[in-house]
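Trainee: After the structure tokens below, expect a handful of questions from me.
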Amino acid sequence: MFYKKNTSDKMFNELAVKNVKKSLKDYAIYFITLVFGVILLYTFNSIEDHIKLLGGSAYMEGYIGFARGIILFASIFICMIFGFLIAYANNFFIKRRKREFGVYTVLGMNKRDINRLMIKETLTIGLFALIIGLILGIFAAQGIRVITLNMMNIEDDSFRFSISVLAMIKTIIFLFISLYFVSMFNKRSIKKHSLIELLNADKKNEKSIIKNKNSKIYLFLISIILISIGYIIIPKNELPSWKKFLSSIVLIGYGTYLFFSSISDFIINIVRNNKIIYYKKLNLFIINQISSYIKSINVSLTVICLLLFSSMVLIPFGISIAKYTAYDLKEATPFDASIRKYYNDYTDKSSINDNLKREGIDFKNIVSSSGELNKYESKDVTLKNFLLNGFKSSKHNNYKKDLNENIYLVGLSQYNQSLKQQGLKEISLKEDEFAINCNSYDYKELYNYYIKNNKAKLNIEGYSLKLGQNKLYENSIVTEQLALGYGEIIVPDKVLAKLSPKLSYMNYNYIKRNNEYDNMFLREYQKHTNDSLLFLSKMTIDGEKITMDTVLTFIAVDLGIILLISAGAVLALHQIAQSSKNKDRFKLLKDMGATKREIKKSVIIQVLVTFSIPFIVALIHFGFITLRISNIISILVNVNILKAIIITMVTILIIYSIYFFISIVESLRALEE
């Protein structure tokens with residue numbers, strides 16, 4: 001039996017168009033959330049086009065494919081969060097319109113027609129959001145392109161306006177998958193309610209679970225204790241273990257829940273003691289309304305607060321990764337290629353050049369310059385020699401663990417050859433002098449203190465040497481995966497005469513720095529059969545770091561922003577729903593003599609307090625945790641995170657304020673309906 005429509009197509013279409021116009025006006029939060037989602041999905045997926053610029057190297061193709069897989073997985077994850085968010089937002093609007101649906105049923109429209117109407121409305125609003133979101137996303141992606149190219153260390157002076165067709169297709173697919181599930185949710189929601197439930201939907205209210213006021217005051221104190229323990233459990237300036245990290249998250253999360261469950265009664269008891277404030281104008285009504293509201297949505301406020309906290313952590317972390325990428329590329333890979341050989345009891349003692357010549361490997365038509373650099377170890381030189389009494393640092397405990405670690409020695413002539421090959425100024429030392437070179441962020445503080453305060457000489461292999469240069473050199477002298485290690489002590493060549501190299505490098509610069517020459521060098525190098533040699537390519541190392549860091553940066557930033565949008569949207573929806581329920585209360589206040597201005601002020605104060613409390617609590621969480629681990633973050637990403645935090649806070653305030661002002665406008669409109 002075929003389904004027969006009860007509603008004429010003409011009337012149905014007119015009703016759908018009318019409802020869409022109303023939705024765009026009244027449900028701005030839902031629409032703006034959709035637009036934000038489209039912008040995020042498009043800009044994130046457009047990164048794939050930028051990563052393609054790194055292709056061409058034989059080593060990089062597989063890595064780029066891996067990065068594309070991560071982008072796809074992250075897109076699906078972001079889409080899922082976005083889908084849950086718009087489903088949550090849609091649920092509020094369904095609740096708000098249940099009475100309207102009940103009226104449609106009374107007028108003869110069956111539930112299948114109502115569902116059909118909702119699908120058409122959802123698709124129409126989704127289409128409008130898609131068009132606007134894609135337009136804004138395309139423009140935003142141009143800025144993302146500049147940032148990405150900067151991270152990739154690719155110079156592109158000519159601005160080219162580009163549109164990613166693949167990113168557009170993915171965005172459309174992800175959006176309409178989300179809208180499909182929203183439509184299924186709408187269908188189920190309408191189907192399970194009877195006519196009476198639909199007509200009386202606006203009379204239902206939320207109830208507070210905990211009613212004993214004295215117990216809530218105790219809960220407030222317990223919440224502060226739990227949150228404080230959660231802060232303290234994170235070791236200061238040390239990476240916490242997983243056990244401590246998870247314990248801290250649980251304590252802060254549960255403490256936050258108890259805080260929002262009890263804060264309203266705690267504050268109301270304080271305010272009531274101040275009779276002047278409590279009974280001034282509409283304060284009695286405002287305070288009790290806010291208190292009652294916080295009690296009814298304590299779980300939601302906890303989630304919102306933790307979403308904001310997560311956003312505050314993720315966004316600056318993502319920005320810091322981007323800054324670190326540019327820093328690390330310069331520090332770790334000064335040469336187009338390096339070949340490394342590590343000497344031990346199982347390797348032959350011949351030089352890298354001898355190994356290559358023996359196997360007929362010749363780079364003369366590929367490289368423009370080359371140079372050898374050997375690193376030596378001596379029992380006379382360990383980190384202990386440079387850790388002076390009086391030195392204080394947040395990393396002091398880490399240094400103590402490494403006191404007996406050897407520091408590499410490098411001959412002055414080879415050190416200068418490395419600088420000359422890079423086009424840098426050479427250094428000079430007398431026969432009884434040494435210098436310190438370190439490009440590792442971890443140990444610069446230690447060496448700088450030593451240089452300023454040391455008076456004693458070092459005895460190395462029978463030679464007494466004094467510090468010859470009153471400065472720390474921060475030059476990179478080989479191409480490596482990371483700019484790590486204890487640095488190098490630069491000594492006159494004669495000091496090393498009786499030592500054998502522990503590490504040896506051959507540094508090369510290509511005739512042209514591009515994928516063609518990198519692949520030519522690799523093909524020639526692969527002729528060797530010596531397992532003790534390791535090829536280190538600048539283009540491969542840079543490409544791998546750039547690819548992963550770029551992807552991680554945008555995953556962190558986009559995830560942080562979508563969590564922020566989720567927090568703002570959920571809170572705004574709760575506030576608008578609450579304002580709709582308060583219509584009768586405000587009408588009663590008006591009948592009792594309250595002016596329209598006082599009522600508007602009351603609404604604005606309620607919205608302001610509701611938005612401020614979870615934000616302030618999240619900010620406190622973020623502040624304490626950042627103070628505990630700020631130095632660790634700086635060590636991990638080698639950058640000062642203060643600028644990243646400032647950018648994050650500006651971003652959060654802008655997006656959060658958008659939802660705040662929409663909430664005020666919609667709440668005031670709800671009272672006038």
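Backbone N, Cα and C define each Cβ position, glycine as well.
According to TrEMBL, the protein has these features:
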DOMAIN    73-185  domain 'ABC3 transporter permease C-terminal'
DOMAIN    560-665  domain 'ABC3 transporter permease C-terminal'
TRANSMEM  27-44  transmembrane segment
TRANSMEM  64-89  transmembrane segment
TRANSMEM  122-141  transmembrane segment
TRANSMEM  161-182  transmembrane segment
TRANSMEM  217-234  transmembrane segment
TRANSMEM  246-271  transmembrane segment
TRANSMEM  292-319  transmembrane segment
TRANSMEM  551-573  transmembrane segment
TRANSMEM  603-629  transmembrane segment
TRANSMEM  641-662  transmembrane segment
Trainee: Does the transmembrane segment (246-271) reach the transmembrane segment (27-44) with at least 3 CB pairs under 8 A, where each pair is 6 or more residues apart?
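Mentor: No, the stretches stay apart by this measure.
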Trainee: Based on Cβ pairs under 8 Å, which of the stretches 64-89, 551-573, 603-629, 641-662 lies most in contact with the transmembrane segment (292-319)?
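Mentor: Ranked by Cβ pairs under 8 Å, first place goes to 551-573.
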Trainee: Work out, from DSSP, the number of helix, strand and coil residues along the domain 'ABC3 transporter permease C-terminal' (560-665).
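Mentor: Output for the domain 'ABC3 transporter permease C-terminal' (560-665) reads 97 helix, 0 strand, 9 coil.
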Trainee: Looking only at residues six or more beyond either end of the transmembrane segment (641-662), which have a C-beta under 8 A from one in the stretch?
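Mentor: Same-chain contacts beyond the ends: 28-29, 32, 36, 308, 311-312, 315-317, 319-320, 323, 560-561, 564-565, 567-569, 571-572, 607-608, 611, 615, 626, 630, 633-634.
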Trainee: For the domain 'ABC3 transporter permease C-terminal' (73-185), what is the mean per-residue pLDDT, to the nearest integer?
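Mentor: In the predicted model, the domain 'ABC3 transporter permease C-terminal' (73-185) has a mean pLDDT of 75.
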